[in-house]
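Novice: What follows is a structure written as structure tokens; I'll ask about it next.
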Ligand SMILES: *Cc1c(COP(=O)(O)O)cnc(C)c1O
């Protein structure tokens, strides 16, 4: 029985938001992120009893811990989960692939959803949740009175297509994704624009990604526009995404134990940007998953790696454009959630005081570009986390090494290669220190076909290698022949974008 409620990481008072409010609001009005202040604990026998469940049944057990039955009854939650994962191409949803048994390295493939990247695992579910809550609010209402949601977002690639595939065809929801004209890959553009559902709108904006993001922020801050159109977000800080991602930590853990025996220590290695993926691993561990450690793998945008080594959370210079662009960030938004628990449990011992501390730290970050935490916070973090920073040269080398040493010629995408590089560094350390019985689950966050440039840079000198034949799936090949629906916005201006949104909503009859 769950009695779960949610609060904001920056709140200094008592708060109890429902799951529905948490999901539909996305971000708390004080600027903080929603969290369950009590993380549910499950005893080890019950966790063991989950080891033979299907992905969907396991998702149900985990989500049930965080969502009250009075908010979503069992049957409805089951249906939401089944619909969300019926769009995946693999029967395991997130299969575990053995890539180097001798070294105890396994790859958790998270890219079998409709857009070939890990964000589908969460956004397929979030799209269905939005529709579910809206349908319930709108029951028995006439067309004029219905609550509708206008989701507006900016993308530099992956999030946009995963959001579009999560929301296509959903009743009472329209989605508008802005991207900078000519600055995303043709595959990414075609993935978004080939979705012809009337409620999906891709806006190609003449400008940069920052221009797009600024316009989105201005639209969110526009009270009048909000009142008329109920603007919503599906960005990486929505709690439902963290919730949905917990399933694959449990699922892959059980799959690996079946292969290697239960006396092994299992570590997860996670290519990280906004810290959403790996944070789900932290919740899974707190719930009771007996995993050993979570290893944060960053690219050259390494705020998390620097923080664990220095206690200082610091923006640093400008964001670096790397071969793993979905991890190119200055600040890891979801990290605030972890900090809250570390502070509450180790320093303040109170929810309200933890909110006050987080508030002060993030005000300091805004003013000075950094804040420094107590030694106790770092040592608590290190009980669960380690980190590795991986540069472009190592990313390229790993893609090549794995392809040439693996008999099945496995091709990694550059994000997954950051994780695999970090895994091999840990494996080498274990060997040097004669640590045995450790196995690694490295998370693979995208299909290599989505990042042709980095993959070809790594492999094109190898005789016989062919991107078309070995990497590109038939479905993505066909994208180049599909009809595209793109609305060109020839000026990066919020008024022009708002007018375009209103025009499209009118066409939809909203
Ligand atoms: C979003 C993304 C990541 C980073 O995940 P976070 O939750 O932001 O840490 C890694 N790889 C790919 C391919 C992504 O799309």
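Backbone N, Cα and C atoms are what each Cβ position is placed from, and that goes for glycine too.
Copied straight from TrEMBL:
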DOMAIN    5-85  domain 'Threonine synthase N-terminal'
DOMAIN    90-350  domain 'Tryptophan synthase beta chain-like PALP'
MOD_RES   119  N6-(pyridoxal phosphate)lysine
Novice: Averaged over the domain 'Threonine synthase N-terminal' (5-85), what pLDDT does the prediction give?
Specialist: 95
Novice: If you count Cβ atoms within 10 Å of the Cβ of residue 119 (N6-(pyridoxal phosphate)lysine), leaving out that atom itself, what do you get?
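Specialist: Its Cβ has 29 other Cβ atoms within 10 Å.
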Novice: Please list the DSSP helix, strand and coil residue counts for the domain 'Threonine synthase N-terminal' (5-85).
Specialist: 37 helix, 9 strand, 35 coil
